[in-house]
């Protein structure tokens, strides 16, 4: 109802300028006049502002502004007054946010005063002409409006003059002006759109339109375009250069023009690097987000104990409130085009008799509604993607910080048959029954959180039997290893969580859309709409059932994907071993078997996708058919063009909502499952005792000064898990427990040794001290303590180094003290090693310390501990990986040096004889995990433990022999110290070669032309059928214009419509399945090429490439090929065809629009082109920004015990935040770029549709049906244009995976197997080796590392290879296996190896490296990975290798074929790994065995067993080449080869070489401490050889 009408009646007097105040109700209720709305708003504003001022005054902190004014005015008195005024003005302007903001505010003030002047002018003219006395009410309202404008003018002045009250007054003023503009718009603009009304205030004349124009500027234009003032999150730490997003105007935010500079820069250069992007907004910085969100997410920061979902909703409550509002706007605005089309066509059909609204209004609505829809949609996505990036950072940091608190168990897996027959994986504790020692990779830590790790117990000795709060046993039996689980949480699960962020779509948007659809259809089609909707309800269970099946298939497909990824990851992690053993083909076949199973379930999923899509299309088509049939046949109504084309759009929306609801529900469910997994990890993962809530009945923290300095235990029991042992468990499955009875105190300020046989629990003792094990008090006085106030340093047995330089690894975040640093380098025997590297201590150690040998890593780890300022140093068998000579140096120079004087050292060692000279206190542990002795007298421990005594005796003999380290040759490094090649970022567009890789895969081995012709023809036919269906409905509607309703054959038209629908379904199904078949073929072939290329590459390439990159190619990039690449390609082709067909039809019906149509296409393609240029660069940077984040997490988990021991958690948390910020900086821009192009294409499309509608309505040359058809196509045409640009960009982005795969397909390759390279079936019959002029190099351009080496080895001989560091020992072993580039000939059993296939050669040679690589799984799988032997053969090999004799002393933890081996063998000692590797060699029955001897790292008994096996258990025809680290090992060899600088210096029997005065071997022996014993060994071997020959 109109509140006001124009009153021109003469009884009120012809008062110009005042008659507009009256309304139909104004005589009785003048206060209800719409012109009073600004007055009421002004009064409300004044009241609120007064309250605000009063409250501020009451709670004001005195003098704040005065101080600022004093600071502002504190200009030097020497400066002239004019300059002081100028400077103060400049400061004043800057405090408002800059000159631009200030001048916009000044313009608004001028506008407000102008409005006041115009209003005053009207009032003054009234009084001047004596026309106001008879119209008191009108005059009063006019006075009120003058007061309103005066109020706005005052507010605008205050906003300029006061920086404190400026923002508040600006908000009040802008709101008030906008309301005034709205009132005038309703009164005077809206009537222009009608045919019956005129503007209410028209009597004001031109002044009215001047007012409206000024109001439009001050109330609409200025607020939209004025830049925003940058307000830092932390005033103490503002951004030096604010992100443009923070200062962009409202219009710029909606149009994303703040990104223009980035896009134009990217368009002008080949590649836009990450440092050319705007800085990350301070509101997006992970440090701020953590401070804000962690109190609601992390219980250790004060969060409530509730599900993670509710914490996230608390953090993002404002974001989701805004999202809900935009969803509502989005829902309503989407009905703008259907309503407009309906009204336009109705106007044309009735010639305007049934509507009083002019058609230009609805034409404008065709532009306004889509733009409103676009703005709301893009703003929704803008907020959602900002939340997405923040959530990724928050959850990554949350999981990372929580992983620093957890107790990692050994990553073994128990194969347990589940009900479906599939094996499951279980994480079990690090049991000393298998290993006996915890290692740095098996445990977690965070001892650094408190000054002391001191716990005292009050309970009796009993395990904690309270109910487990975690999952039940059955569930625990299915857990993955913790490291893999954490990686999965921040990759797959995090991806699922953020993809389910749009749950509002499912719970708000879809229901609202469905309601609005039904309401619209009811308005247009009457109650037939409910009949159609009932059809949807009846058929709804069918797509629901399909969706359920789809979810089941997807779950099974993911299991198969996990199985493939698991075997690929394992193969990549042990790829060097695979290549050295010649297992490439077998591993390839195993991976491809898993791939085949995965592709089968992928095919099923795509088939169900098709079924789901077809069912949604069928249901909507049937609904339309039933609705139109009911409307025409039963309701006897006419189905004219206005009804057809408007309802058709709504039916299309209905179809999309049906599709969206299933898609979104599936996404939401997946997100919930993943969020539950993260929540489970955060709430139920076993934590270190330091982070576990402790009952006062069990524990108390020691605070007394008397106890706080003690280091030790009292009546303490420790286990690797809080899980109680099950009495039914076998001995080998029970968890190891360390028991300390009575009091054990280490001596401060001196060296404390922890000794004991292999598997006794020495490492467990120091891990218990560090808080890594679970403390079980055995008496009320139980306690353990490690004071941390002075710092703790730790060197793990399995050395942990970061992927950084040697210097950075040693400093470990400490300040560089050059003198101290040089001392540490010398005392840790690193000087010579650094000289060997061209970059010295700036050499990168690579992933997992790839650049360094085992001994070098151990010394770098030791150097880190020594360099630190920690008062307590804990060393876990650091001498194990060192030769005796280096060990003696460490003991003499380091352990007796000045750097550790006065510091407390706790050292686990096997090398008792060497370390006893510096030991002040010795603790001995027995095989049962109990302390057998602790005293200052080492002889006491030796008397109690005979085995220990034998080890000491053996060590003393080794010391006397003064053996020299003969280390492996250093790996090549570049002059700048870089070993790992930086991951390249491809510049420009995706290469044709990469796309061709996929296209040829699609077509298969047949002719590509045939495949693409059939596929494209099918898609064209489908699109033509779709447009025919739309046209036919319009044609049906036109029949009512030319025929009586009774003459229209409704059944005929329904039948034809049904037939066309069937044709569409046929073409779509056939074309889709044809393409799916091709895409699966492409997935299979690309995966084969990638895996084959990686398995066939060189060792050098593997050295330069981190395994994480290789795994990424085989996982995420292959995942892209299976899904997004195939999906986006078909989308691009389909949208291109749709775009061309729709544009052609529009031009066919409206030829004059050929140029506008082509213009829109050209502009859209141009905009898309410059957008894609920027997006491709950013997406590539985004891909590379994720890897360092994951690498940091992996490295941190690998070194958890070291990080926690050093108390370096904060340092690693800060580094994680930095990497998250780097990723967020790139990701935010990437998502925002999508908004930039979307808004522009939407605007372009809306403009085209509006122009077409204007032309068609104005000319009226076509029928209403054809106009409706054209408008329908135009709306779809614009949508297609946007999606074409977006999908093409997405294809290019996803095709980045094709580039990355192509790059790995093109890597350097070893020679491929050929038929001519296959050896005879009986080969080899002997282990004879003949080498002729063998030279080798690591790369084509690299220097030779072997020079014309020639020698002969008879079958069955044992050859020792010695030489100093860099002499070429390791190069020789690699050259024999053709792992590096070689020249010359090597004959193996009479056949030249360069004529043999590599797999044939390597499968008949076995190499046992210094640190053998083992697979995770059972021992059986490690000995026989491809199931080629029976258990009796495997057990015999284990017996011959000496494993069973090693286990005779105890049955606890006996290793069998079913024992589980952790990843890398981390739950086994080095000696046990060597024995298993030796057993594997026996199983292979190779005639040549190469041993990289490493027995210095193992105990006496294990050493003897391995040496005995090598001498007695191998066949007499097996040739053994031993790369020696100790002379004792090879002095009884048949021959010894001495290498120097890649050449053979001498090669003969030890006895002969020792008789030569110039012999290098003789020089080495004569320099040793016990040359007589070595001479005797050589003589004894010679005598044995002579006896054997007789």
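Glycine residues also receive a Cβ, built from the backbone N, Cα and C atoms like all the rest.
Feature annotation (TrEMBL): of 360-380, 381-401, 402-422, the stretch labelled transmembrane segment is 360-380. Per TrEMBL, the listed range annotated as transmembrane segment is 136-158 (candidates: 136-158, 228-250). Check TrEMBL against the ranges 1100-1122, 1123-1145, 1146-1168, 1169-1191 and you find transmembrane segment recorded for 1146-1168. Per TrEMBL, the listed range annotated as transmembrane segment is 101-124 (candidates: 101-124, 269-292, 293-316). Residues 17, 93, 132, 139, 142-143, 145-146, 149-150, 152-153, 155-157, 159-160, 166, 170, 173, 177, 204, 207, 210-211, 214-215, 217-218, 222, 225-229 of the same chain lie 6+ residues outside the transmembrane segment (101-124) yet bring a C-beta within less than 8 angstroms of a C-beta in it.
Below 8 angstroms of C-beta separation, residues 193, 254, 256, 322-323, 326-327, 329-330, 333-337, 339-341, 343-344, 347, 1235, 1238-1239, 1242-1243, 1245-1247, 1249-1250, 1253-1254, 1257, 1271, 1275, 1278 of the same chain, each at least six residues beyond the ends of the transmembrane segment (360-380), sit close to that stretch. A Cβ distance under 8 Å defines the sequence-distant neighbours of the transmembrane segment (1052-1075), meaning residues of its chain 6+ beyond its ends; these are 607, 610, 613-614, 617-618, 621, 625, 628-629, 1002, 1014-1015, 1018-1019, 1021-1022, 1025-1026, 1028-1029, 1032-1033, 1036, 1039, 1126, 1130.
Contact between the transmembrane segment (170-187) and the transmembrane segment (320-340) is not supported, since fewer than 3 Cβ pairs fall under 8 Å when only residues 6 or more apart in sequence are counted. Residues 141, 144-145, 147-148, 151, 168-169, 172, 175-176, 179-180, 183 of the same chain sit 6 or more residues outside the transmembrane segment (37-59) yet have a Cβ under 8 Å from a Cβ within it. Packing against the transmembrane segment (320-340) from elsewhere in the chain are residues 313, 362-363, 365-366, 368-370, 372-373, 376-377, 379-380, 383-384, 504-505, 508-509, 512-513, 516, 520, 646-647, 649-650, 653, 1249, 1253, 1275: each is 6 or more residues past its ends and has a CB under 8 Å from a CB in it. Proximity of distant same-chain residues to the transmembrane segment (207-226), defined by a Cβ-Cβ separation under 8 Å and at least 6 residues beyond the stretch ends, is recorded for 100-101, 104-105, 107-108, 111-112, 114-115, 118, 121-122, 174, 177-178, 180-181, 184-185, 188-189, 199, 201, 249-252. In the predicted model, the domain 'ABC transporter' (1329-1566) shows an average pLDDT of 80.
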